[in-house]
C-alpha cells in the first residue's frame, strides 16, 4: 500500500511538467511547417482570393472595397488601362527571400499592364503633376516597371498593403517631392479605398485616414528638415535662415505617434540661404555679402540630415522605423531650371547610358554616410533606420517629369519647365513597390523576434528537464523533441529570413568611381607587402576613374590653379595614378581618411606649394564634408578649418622660408624684392603654435631662389644675388641647409609637441625653353617614364640637403620626437604635364603674368600626395598597434 501511494505521488509530480511541455513542443514543431507553407501569403486575409482579372476591369469587390459610387463607370482612358497586377507579380517575397537581393540595383523593363490608375480615377493628383490633362502626347513613359538585377520586385498590391498596415500610421516628412510620393500612394490605394481628410483646417500639413483599416497617412512639409526662418515672410523665393543644429519641431514633436516615417529632402538646398550654428551666422549660399563665408549646399545638407537623425534617435517614445528616401535627381538638359532647361526624353536610360551628376552624387553619398552614422548611434537606444534608395532608379527616368505639361501654355509668360517632380501616374509609383517590399521585410523581422522568443522558452524547458528533474526514458524523449523543434525553428528562420538580414547592409557599389561608406575606422588595415614596399619609387599608370572632384564642386581651388576654368584644352593629365614598383598604393578614400584622423589636427607649414597640397586635401575630402573656417584671426598667413562631424582640424601656416624673414624691398604681390633671412631664428608664427597638432607637414623650396641677405647670430654672413658691397655671395643651398636645421631643432625643442612631423620633400618645377621669368613654359601633355628623366643639378642638391638634415633631426629627437619623410620628389619629377602653365589666368588679361610651372593644377597630380599621406598615417597606426601589443605581452609575462 505504501508502495502504490508513492508511485501515484510521483506521477502527479510529473504531470504538471509533462502535459504543457508536450503541448508546447507540438505547437512549436508545427510552426516551421506553417511558416514554410504560408510565407507567400503571410499578410493575405483568408477572404481575399487572388485571381487573374481582365485587363479592362477592376478586380471583383471584396469586403475591403468602399461602397460603389452611384452612376460612376470606370472606362478605359485614352492613354492606358486600369489593371490589377497579375499573379506572377503579386506573389510576396518568395523570390526575394530565396536569394540575397538588392532591390535598388537594376533596370527599367517594359510593363504593358501599367498604369494602375488614371488622372480620372484619382482625386489626389495636383495640377502640376497631371501631365495627361495638359496635353502630354506620349504615353510610353507609363509602361515601365523596375526590375532588380537578382530578383523580381512585386508590383504594389493595395489589398495586401492595407492589410499589412492595419492599425498603423505613416508619415512623409520633407518637401514637395515627398508630397508627390504620398499622392502616388493614395492613387494606388484608390482601387481599394478612399481616405478621409482629417487635417486641421488651419494646418498646411495634411492627415488622411483609412477608417476601415485604422491606417493614417500624414504629409509634413519640412523641406530643410531643420528649423528655418524666412527673411521675407511674404516671399518664399527670398533667402531662408537655416538653423543647422536645431530640428524642425513641426515634425520632431510628432514622431512618437508614427509607426513609419519616410524622411527626404533635396532641391531646396540649392536656394539662397544663410547658415546658423549655435545661433551664430556661420556662412551662406548665394548671398551677396562678402564678409560672410560662402559655403556649398553640401555643407547645410550634411548638417541638416545629421540634426534630423539625431532628433529621431533622441525621441524616447518613438518605437517605429525611419526610412531615408534618398535624393531623386532632376533631369534638366539644355540649360538650368530657370534658363530654358527642359526634359523632353520619352524613354528611360539604361544603366550604362548615364551617371549621377557630381552634385547629385555628392548629396547621395552624404545621405548614405549620415544614415550609417545614425544607424550606429540608434543601435544603442533601439532606434531603427532603413535605406529607401530611390536615387539609382530615378536617375534612369528623364522621361517621367511634367516638363511643360504641368500647366496650360500662358501667353506672354515664361514658366520654368518642371524636371524635378514626377507625373502621376508615372515612374514615382515604383516607390510604392519599394515601400511595400520594405514593410514586408520589417514585419518579417518582427516575426523573427517572436520565433527567437519561442526558441528561448524551449531552451528554458530543456534546461529545466535536463538539470532539474531525475533522468528517465520519458525525459530523454522530451529533450529530443525539444531539440528537434529548436532545430526546425532555426532552420526555417535561416531559410526564410537570412537573405533579408544580409540585405540591410549599406555596402554596395554604385559606380566605379564612387566611394561607399560601408566600413569603420577599425577596418582600416595595411598589408605586410604594403608595409615593406617603397611607395615613393614607381611609375605613373593610367587611371580612368580620376578625377575625384572638379573645379565646380570644390570651392578651395585658387584661381591660378583652376586650369580647366581658363581653357586648358587637354584633360589627359587628370587620368593617371602613382603605382609603386612593389605594391599598389590605394587612392585616398575620404571616409577612411576622416575616420583615421577623427579628433586630430593637421598643419601644413611652408610655402604656396604646401597651400596647394592643403587645397587638394580639402577638395578630396569635399565628397564627405566641407570644413568650417575657424581661423582665430583674419590673417591669411594662418588659416584653420574644422570638419565638424569628425572633430578634425586642418591648418595652414604660410612661412615660405621656415625661419624669421623680412622683405626689405617690397615690389608688389610678386615678392621679388630683397629679403633678410635670419637663418638661425625659427619663425615664431608657427613654432610657438604647434604643440596641439597631431601631424605637421613641413616643406620649403622655390622661395630660396630669390635675392636675400643671410643673417646668423644677428649679423650678416653673406647674401644671394644681392649685389651689395663687401658681402660674400653664397649659394642658395647654404641657406637651405641651415633653414631646415633650424626648423627641425625648433620642433625638437618643443617639450609639449607630441605629434608626427612629415618632411614633404622638394617638388621640382618643369620650365623648358627659358627661366621662369624669361619665357620658360611647361607644355607637355603626359608624364615622363622613369627612364626618360633624372633628378640632377640644383634639384638634386636641395633634395639631398632635406634628407641629410632630416637624418640629423631624427637622430637628435630619437625617443622624444617622431619624424617621417613624405617623399614626393621622384613622383613629381615625372609630371611635367601637371602645372597650370598659362592656364592660370585668362589670355586677354592685361597683366604681366609668368607661366606657372611650379604649382599644380587642381584636380591634378598633386592629389596623389594625399594617397601618400593616408598610407603613412596607416603605417603609424600599425606601428602603434604593434608597440602596444608588445607591451601587453611583456606585462603578461
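A Cβ is built for glycine as well, from the same backbone N, Cα and C atoms used for every other residue.
Feature annotation (TrEMBL): of 407-429, 476-498, 499-521, the stretch labelled transmembrane segment is 476-498.
Within the set 375-392, 447-464, 537-554, 555-572, the record from TrEMBL flags 447-464 under the feature transmembrane segment. Per-residue pLDDT, averaged over the domain 'Trichome birefringence-like C-terminal' (153-437), rounds to 90.
Residue counts for the domain 'Trichome birefringence-like N-terminal' (531-584) under DSSP, split into helix (H, G, I), strand (E, B) and coil, are 8 helix, 10 strand, 36 coil. DSSP assignment over the domain 'Trichome birefringence-like N-terminal' (99-152) gives 6 helix, 10 strand, 38 coil.
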